[in-house]
Amino acid sequence: MSTRSVSSSSYRRMFGGSGTSSRPSSNRSYVTTSTRTYSLGSALRPSTSRSLYSSSPGGAYVTRSSAVRLRSSVPGVRLLQDSVDFSLADAINTEFKNTRTNEKVELQELNDRFANYIDKVRFLEQQNKILLAELEQLKGQGKSRLGDLYEEEMRELRRQVDQLTNDKARVEVERDNLAEDIMRLREKLQEEMLQREEAESTLQSFRQDVDNASLARLDLERKVESLQEEIAFLKKLHDEEIQELQAQIQEQHVQIDVDVSKPDLTAALRDVRQQYESVAAKNLQEAEEWYKSKFADLSEAANRNNDALRQAKQESNEYRRQVQSLTCEVDALKGTNESLERQMREMEENFALEAANYQDTIGRLQDEIQNMKEEMARHLREYQDLLNVKMALDIEIATYRKLLEGEESRISLPLPTFSSLNLRETNLESLPLVDTHSKRTLLIKTVETRDGQVINETSQHHDDLE
């Protein structure tokens with residue numbers, strides 16, 4: 001804005017700095033001294049000094065003084081008590097009138113600038129009111145529409161999150177119950193497997209006994225066969241002996257027929273044969289009895305072993321059926337567990353997806369809230385900047401008011417008359433020519449501070465002749 005640039009330049013020209021508030025990190029103090037001296041040779045010298053000091057926009061003060069001094073700076077000049085050089089007085093009066101004219105022009109310019117500043121302040125106040133109205137409107141809109149929408153959506157999201165949390169807890173409880181059932185069934189399966197192993201070990205021992213009984217039976221059968229062969233051999237041997245004895249008996253009969261006087265051998269042979277037959281029958285009966293007893297014992301042991309084997313087979317079949325039923329039940333429970341785990345994973349994935357969507361929505365809403373906060377902060381900063389500019393303008397207006405009051409008080413003072421001046425006559429021959437040039441000395445002092453410490457200080461002197 002052109003008005004702001006003009007005000008900033010005028011503020012810089014009057015106070016030695018910018019028209020806005022100073023930065024918090026670096027403070028600058030400007031000291032500007034303007035001295036105007038009118039040299040009138042060595043007799044009369046009116047001097048006008050102007051000093052304007054500014055350390056900060058909040059502490060500006062202005063000192064403006066104008067005086068007429070009479071000096072005598074030339075040694076050895078003869079002074080008279082009763083004569084006045086009116087040419088010098090006319091020159092002084094002319095210079096004084098010119099100074100007053102210039103001051104009137106400056107006051108007129110200051111009045112114009114003051115009016116411009118007042119207009120600018122009014123304009124900035126209007127802009128400030130407009131911005132405040134917009135800020136209040138934005139606050140009302142955000143509170144009425146966006147706030148209610150965000151709160152309603154947040155409540156809905158929280159309700160859904162709570163529902164999903166409850167569903168997840170319920171599924172976790174069901175999963176824990178199924179896990180306990182599976183663990184119990186696994187323990188039961190382990191017990192059944194141990195019992196099956198014990199039954200198989202018992203069956204293996206019974207099979208070993210059966211094998212041993214079969215081997216014993218085979219051995220006994222071989223013994224029976226060998227005994228039968230031995231009996232057959234003994235029978236055959238006995239028959240041969242009987243035949244031999246009969247042959248001998250026949251021969252003895254012949255001999256008896258021939259010789260009647262010999263002893264009777266038939267009775268002896270009959271006795272011997274009866275004895276052998278009785279011994280053979282006895283041995284055969286004993287062998288048969290022993291074989292029968294052994295065969296009965298072995299048959300009884302085989303029957304017992306067969307009963308135990310049959311019972312073991314029945315138990316094994318029963319255990320096998322139980323294992324198969326438990327295996328089927330475990331497989332069914334595994335399928336149920338897998339389906340539940342799959343459903344739980346799907347629910348967790350859906351929950352994670354919905355949570356991510358809700359999180360994105362929350363993040364987007366938070367970003368919008370942050371953007372609105374930043375926009376409000378920007379409006380507040382603009383308002384603060386405008387307030388700082390207004391304060392600076394108020395300070396400048398107060399300064400101008402003090403200047404105007406000082407000028408009014410100075411103008412209201414009566415002008416000194418030449419009759420009241422204590423003038424001394426000087427030797428006009430020794431007076432130099434009147435110096436009509438005005439000397440203006442400008443002192444610019446810049447002080448930079450940071451965190452309360454002076455980091456740089458510069459001074460500049462400018463001498464201008466008018």
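Including glycine, each Cβ sits where the backbone N, Cα and C put it.
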If one consults Swiss-Prot for phosphoserine across SER39, SER65, SER293, the residue flagged is SER39
Quick one: sort out which of 42-45, 258-261, 326-329, 354-357 is the motif '[IL]-x-C-x-x-[DE] motif' according to Swiss-Prot. 326-329
Can you check which of LYS120, LYS390 Swiss-Prot annotates as N6-succinyllysine? LYS120
N6-acetyllysine: annotated position in Swiss-Prot, out of LYS129, LYS236, LYS292, LYS402: LYS129
From SER9, SER201, SER205, the annotation phosphoserine in Swiss-Prot is attached to SER9
Listed as phosphotyrosine by Swiss-Prot, one of TYR30, TYR53: TYR53
Site from SER26, SER278 that Swiss-Prot describes as phosphoserine, others unannotated there: SER26
Length of the line joining the Cα atoms of LYS104 (SUMO2 cross-link) and LYS223 (SUMO2 cross-link), in Å: 164
Have a look at the recorded sites LYS223, LYS294, LYS313 and say which one has the shortest Cα distance to LYS139 (SUMO2 cross-link). LYS313
So among LYS223, LYS294, LYS313, LYS373, SER409, all listed as recorded positions, which is physically nearest to LYS129 (SUMO2 cross-link)? Use the C-alpha atoms. LYS373
Simplified DSSP label at SER409 (phosphoserine) comes out helix
I'd like to know the mean pLDDT over the region 'Coil 1B' (154-245). 84
Closest by Cα to TYR117 (phosphotyrosine), out of the recorded positions LYS223, LYS235, LYS294, LYS373, is LYS373
Mind tallying the motif '[IL]-x-C-x-x-[DE] motif' (326-329) by DSSP state, helix then strand then coil? 4 helix, 0 strand, 0 coil
Suppose we draw a 10 Å sphere around the Cβ of LYS313 (SUMO2 cross-link). How many other Cβ atoms does it contain, all chains included? 13
